[in-house]
Amino acid sequence: MRKRARIIYNPTSGKEQFKRELPDALIKLEKAGYETSAYATEKIGDATLEAERAMHENYDVLIAAGGDGTLNEVVNGIAEKPNRPKLGVIPMGTVNDFGRALHIPNDIMGALDVIIEGHSTKVDIGKMNNRYFINLAAGGQLTQVSYETPSKLKSIVGPFAYYIKGFEMLPQMKAVDLRIEYDGNVFQGEALLFFLGLTNSMAGFEKLVPDAKLDDGYFTLIIVEKSNLAELGHIMTLASRGEHTKHPKVIYEKAKAINISSFTDLQLNVDGEYGGKLPANFLNLERHIDVFAPNDIVNEELINNDHVDDNLIEE
């Protein structure tokens, strides 16, 4: 029996490239043995609703084609359900942090090859209050860069748009009082920003979590304490090399459950999109989603080798 795949795509991502190549993508998947259909999103929340519908219709595979925001919506559509379909990823956004972490090719046909080859691995996701995320949650003015950067600037200079906007915001940054409880420990004090990471790639910084594991059941918690502009610039430089973890203003920990609160009205960034405001409870859901990934990911330190699943297409 042929497997059924549903593509959920953002038609505006990647300068509408996927929309143009959709017919070829459908043909490629059909030749590989999939009965395939596609759905184009029109507004925020569409990908979540369509993922839920596809689950009810018992699709074997869901393919998210778009940026990290589209992927986040698809994950939110399936995370609470039993017998979740496998997830395929076609990175079409500006940064594509999750795709980077799993070494998924940025070209459409290369990403489809990963799905067709059939190798998959289970990865952790995070639950924040009543929603889910697959890459990161963060707070602090600098973390607002990804959803405050103009779309036109992103289309012109790509990922560099975030750095341009980030440097523009640096002088405005202010520390806020935070209480962060994590696995029996407590941080209480002034901080500029915090990150909860599930992968090694956040906002294009591929060494922000140098010891990341995608399936170990732990968040990486990074807290940047109150710092002056020179100190913050130094931390960012170190972060580009994965050398920030020992900086005296950086707290770097692993935790399964985290609670964050503040008297300040602090916005949250979840997978690159606006995620509401504090307070927030975070829980790591270990190996919760089964994702297609290149076979060589088994040789990477990001994945525990004894967890890797080799699930090939049944012809």
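Each residue, glycine too, has its Cβ placed from N, Cα and C.
According to DSSP, the secondary structure content of the domain 'DAGKc' (1-132) in residues is 56 helix, 38 strand, 38 coil. The annotation domain 'DAGKc' is assigned in Swiss-Prot to 1-132.
Marked as ATP binding site by Swiss-Prot: ASN10, PRO11, THR12, SER13, GLY14, THR41, GLY67, ASP68, GLY69, THR70, LEU71, ASN72, GLU73, THR94. Take the CB of GLY69 (ATP binding site) and look out to 10 A: across all protein chains shown you find 21 other CB atoms.
Feature annotation from Swiss-Prot assigns Mg(2+) binding site to LYS213, ASP216, TYR218; the stated evidence is experimental evidence. Cβ neighbour count for TYR218 (Mg(2+) binding site) (all protein chains, 10 Å cutoff from its Cβ): 18.
In this view, GLU273 (active site, proton acceptor) is surrounded by 17 other Cβ atoms within 10 Å of its Cβ, with every protein chain counted. The active site, proton acceptor annotation in Swiss-Prot covers GLU273, and the record cites experimental evidence as its basis.
Looking only at Cα atoms, LEU71 (ATP binding site) sits nearest to GLU273 among the recorded positions LYS213, TYR218, GLU273.
Summarising the environment of ASP216 (Mg(2+) binding site), the number of other Cβ atoms within 10 Å of its Cβ, over all protein chains shown, is 20.
With respect to their backbone Cα atoms, GLY67 (ATP binding site) and GLU273 (active site, proton acceptor) stand 10 Å from each other. Counted within 10 Å of its Cβ, the other Cβ atoms near GLY14 (ATP binding site) come to 24, all protein chains included. Ranked by Cα separation from GLU273 (active site, proton acceptor), the binding-site residues ASN10, GLY14, GLY69, LYS213, TYR218 are led by GLY69.
Model confidence over the domain 'DAGKc' (1-132) stands at 95, taken as the mean pLDDT rounded to a whole number.
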